[in-house]
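As structure tokens, the structure follows; a few thoughts come after it.
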Amino acid sequence: MSIIAKTVFIGLSGGVDSAVSALLLKKQYQEVIGVFMECWDETLNNDFYGHKKINNNKSGCSSFQDFQQAKKIANSLGIKLIKKNLIEAYWNKVFLPMIQSFKKGLTPNPDIWCNRFIKFGLLHDFCKQINPNSLFATGHYAKINMIENQPLLSIPKDTNKDQTYFLANVKKEQFQNVIFPLADLKKITVRNIARENNWEVADKKDSTGICFIGERHFSDFLKNYLPVKKGLIKDWKTKQTISEHDGVWFYTIGQRSGLNLGGLKQRHFVVAKDIETNELFVSCDKEELLKTTILLDQFNWLYTPKQLPSQVLVRIRHAQKPEIAKLKLLSDNKLEITFKNPVISVASGQFGVLYTLDQICLGAGLI
């Protein structure tokens, strides 16, 4: 990415990755401006159940602490920090659709929608309104390769921290004027840079909760928004009732914890859900979780090669090793994926992300 632009906006989250990104940008650009997104309000959003911790400021939600950390980072770098309230937009564009998906028996991924509609959508647009000629940066572990003036999303140097799975549903035009400062850095290097600058965030653990909401006991958290609806748990093969559950929307394919099946000798997994009858089906046979073919709908093309490759790499979840598969185009935005080796725990509502063999992201589709 050219550094002709004088101004770059960086999404400052209060974590180590965005902090080090801001530091690196400060060395390249005349003006760096931090932007912090406020996307969640516990009281306004009736967020009472499922908190993992309680502190003096915000119980369970890290938004308050994250903003304080972002301010410290901005002050230490001598850069301006803007706080942007996107609570209503996040609720309408990310959170409510997530709840509706759960009601349909799906397993949605709110982080993917957040990147498309909020971070690289509304926040990016907000920054362009302030300065139309500016660049936009985040602390994602991802890479942009410019080919024929087109930004192509690619796997970064630190493949263990690769976050392209969460970015693959962003529209390709949204990556114009976007840079990822950590593209060629390992996480250990990022933490060491933070330690050299005596930043508290140097050893801050990576966030694993819902995007901008924080750590939660997930099924309890969902009970803020979805009713308990008792139903039967049945054996997949015999169809015999073996227990009961609180509602099929609280469970996902492959889940083995929280099933209350302590009396059974073998470990069981969720293999199917019937949203109409509110029945949950489990099995102790992992073979029931394997699939060789999946369909991807609403496919978002980030890169359309002149000829579709005979083989692609596919992820059906973050941090999964990409699997070799064959690709069949059913329509412009519907694909059939056939894996070389069976994959486990495919959940409808998640995303399948495709890559070329040389690690360029083709895009993402809904499973």
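Just so it is clear, glycine is given a Cβ too, placed from its N, Cα and C backbone atoms.
Per Swiss-Prot, the candidate among Gly105, Gly121, Gly139 that belongs to the ATP site alongside Gly11, Leu12, Ser13, Gly14, Gly15, Val16, Asp17, Ser18, Met37 is Gly139. Noted from Swiss-Prot: Cys211 is disulfide-bonded to Cys114, selected from Cys61, Cys114, Cys361. Distance noted between the C-alpha atoms of Cys114 (active site, nucleophile) and Gly15 (ATP binding site) is 18 Å.
Between the C-alpha atoms of Asp17 (ATP binding site) and His140 (site 'Interaction with tRNA'), the distance comes to 7 Å.
Those residues noted as binding ATP (Gly11, Leu12, Ser13, Gly14, Gly15, Val16, Asp17, Ser18, Met37, Gly139) have their most widely separated CA atoms at a distance of 16 Å. The Cβ of Gly11 (ATP binding site) lies under 8 Å from the Cβ of Ser18, Gly34, Val35, Phe36, Met37, Lys119, Leu123, Phe136, Ala137, Thr138, Gly139, each of which sits 6+ residues away along the same chain. If you measure from the Cα atom of Gln350 (site 'Interaction with tRNA') to that of His140 (site 'Interaction with tRNA'), you get 20 Å. Long-range Cβ contacts of Ser13 (ATP binding site) within its own chain (separation 6+, distance under 8 Å): Phe36, Met37, Asp66, Ala70, Gly139.
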